[in-house]
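> The structure's right below; bear with me while I get my questions together.
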Amino acid sequence: MSARITAPSPPLALDDKTSLGSVRPHEKLKAEIVQRATELGFASCRVARAETPRHAYEFREWLRDGAAGTMEWLHRGEEKRCDPALVLPGARSVIVVAMNYWQGTREAEPGTTRGRIARYAWGDDYHDLMLERLRSLDALLIEHGGTQKCYVDTGPILERNFAAEAGVGWQGKSTMLLDPKLGTWFFLGEILTTLDLAPDAPQPARCGSCTRCITACPTGAITDAHRLDARRCISYLTIELKGSIPLEFRPLIGDRIYGCDTCLDVCPWNRFASVSREAAFAAREPARSMQLRDYLALSEEEFRTLFHRSPIKRIKRRGLLRNVCVALGNVGTGEDLAALERAALDPEPLIAEHAAWALSRVRSRLRGSRDPAAASAGELPSLGAVTTAVA
Ligand code: B12
Ligand code: SF4
Ligand code: SF4
């Protein structure tokens, strides 16, 4: 059982004095870091104490309940996630940064089936971009004698807990971290450091009586406020799950082919979001112009070229084509049958199985449909045309 912090640490202003009357160590450095972080494009940079996270107990319970599904790595990192000293011996502070990735809304063209990609994956992979900038802050801390570890998403850290503690935002009922100006559309990154930096104050939670995210979730994955069962979450099913998508969830996935933004889209705090200045997060071609059936024509090599710098490369061709088949099973028409028939013969069994499922769904829809346009089988666009368009 982990120790729990019962109350937030009192905030220390930059001009706080120590008991000896001198300026607290590293206060000038903290101001320098915040300034540098702003120059590097981070929307927020604040500090929390490197202590056992406030909700470590709930995290352990969440793991015990099996809510992490097949994400074994979360179990492996359980102790580290509950004690930053196991990640970096002598850690005293956690610097948390936020980076806006909002790109505005983008409506699908009528009559096309393009498939929805979560906004965070419209542009370049944020991991590399943010890590590189964190390293620049790290260099500053090294000059002052600090030892650091930098993380963006992939480290054994309960990022949102530290971000909430540092006052970067508050944890909404969707479990997302919210900021009154950015809404939910931002990434988090952290630097664990052995330096003692003055912690910032947490923000008050501002969800109030709202429950929109819980109601809107297509799969009922937000089982209670602040609790998400990953096994039901479309983001998990389309990104983290490596195998077959359980049949019960396939119809609920709709046209989503990578991640899900529904609980973010409905959040009232997102109406204040402003477009990110990061050109790297602007939508790449696949999010802009490809139709669902175009993806089914991609070879391994074409997939790698197309998603070279995109987060989507993580799920590989087999994962993406599996998802595309599910989406076509839900929204596909007669024009998609030829591509699905070909995919049903794919040497990768995962793709073949999902394509067969989709074929039977589309065909049964067509049998029930009197719309001749829906029943007409169209030509597959040539792969040459697709790859030229996205190059
Ligand atoms: C595993 C993971 C997932 C899993 C599980 C998500 C989950 N909610 O647990 C899946 C694949 C489903 C997922 C989905 C998404 N993810 Co994700 N994910 C992570 C990862 C790697 C670990 C999260 C984790 O530890 N989960 C375990 C749960 C138990 O922890 P938690 O979410 O922090 O939940 C805490 C609260 O429930 C809180 N709590 C418990 N009781 C109470 C009570 C009160 C009153 C309060 C206030 C809090 C509270 O304590 C819990 C334990 O710490 C983090 C990066 C990281 N290392 O932290 C990114 C991260 C959380 N994901 C991120 C993103 C962007 C997403 C998606 C939006 C992507 C998408 N569009 O598809 C969705 C959003 C789904 C959602 N509503 O959360 C961002 C979130 C940024 C933000 N502004 O919040 C992160 C931080 C990555 C990053 N570096 O930017 N993700
Ligand atoms: S990301 Fe989608 S499936 Fe997951 S909790 Fe949010 S709305 Fe539900
Ligand atoms: S939708 Fe409502 S309850 Fe959910 S995170 Fe946003 S404000 Fe909070």
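The backbone N, Cα and C atoms fix where each Cβ goes, and this holds for glycine too.
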> Can you say which of 1-20, 21-40, 161-180, 201-220 is given as region 'Disordered' in TrEMBL?
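Comparing 1-20, 21-40, 161-180, 201-220 with TrEMBL, region 'Disordered' matches 1-20.
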> Which single residue out of Cys150, Cys260, Cys267 does TrEMBL record at the [4Fe-4S] cluster 1 site shared with Cys207, Cys210, Cys213?
Cys267
> Taking DSSP states H, G and I as helix and E and B as strand, how many residues of the domain '4Fe-4S ferredoxin-type' (197-227) are helix, strand and coil?
5 helix, 4 strand, 22 coil
> Excluding the flanking five residues on each side, which residues at least 6 beyond the ends of the domain '4Fe-4S ferredoxin-type' (197-227) place their CB within less than 8 Å of a CB in that stretch?
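Distant Cβ neighbours of the domain '4Fe-4S ferredoxin-type' (197-227) are 8-14, 16, 24, 26-27, 29-30, 33, 46-49, 58, 62, 67, 92-93, 95, 164-167, 169-176, 178, 180, 233-234, 237, 249, 252-254, 260, 262-269.
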> What's the CA to CA span in angstrom from Lys242 (tRNA binding site) over to Cys213 ([4Fe-4S] cluster 1 binding site)?
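About 26 Å separate the Cα atoms of these two residues.
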> Hey, of Cys207, Cys210, Cys233, which of those binding-site residues are within 10 Å of Asp153 (cob(II)alamin binding site), Cα to Cα?
none
> Which of Cys217, Cys260 has the fewest nearby Cβ atoms, counting only those within 10 Å, among these binding-site residues?
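Fewest other Cβ atoms within 10 Å, among the binding-site residues Cys217, Cys260, is found for Cys217.
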> What are the other residues, in sequence order, whose C-beta lies within 8 angstroms of the center of the C-beta atoms of Cys217, Cys233, Cys260, Cys263 at the [4Fe-4S] cluster 2 site?
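Neighbours within 8 Å of the Cβ centroid, excluding Cys217, Cys233, Cys260, Cys263: Ser174, Cys213, Pro218, Thr219, Ala221, Ile222, Leu228, Ile234, Ser235, Thr262.
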> Checking the binding-site residues Arg81, Leu177, Leu188, Cys207, Lys242, Asp261: which ones have Cβ within under 6 Å of ligand 2?
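What lies within reach of ligand 2, judged by Cβ under 6 Å, is none of the binding-site residues.
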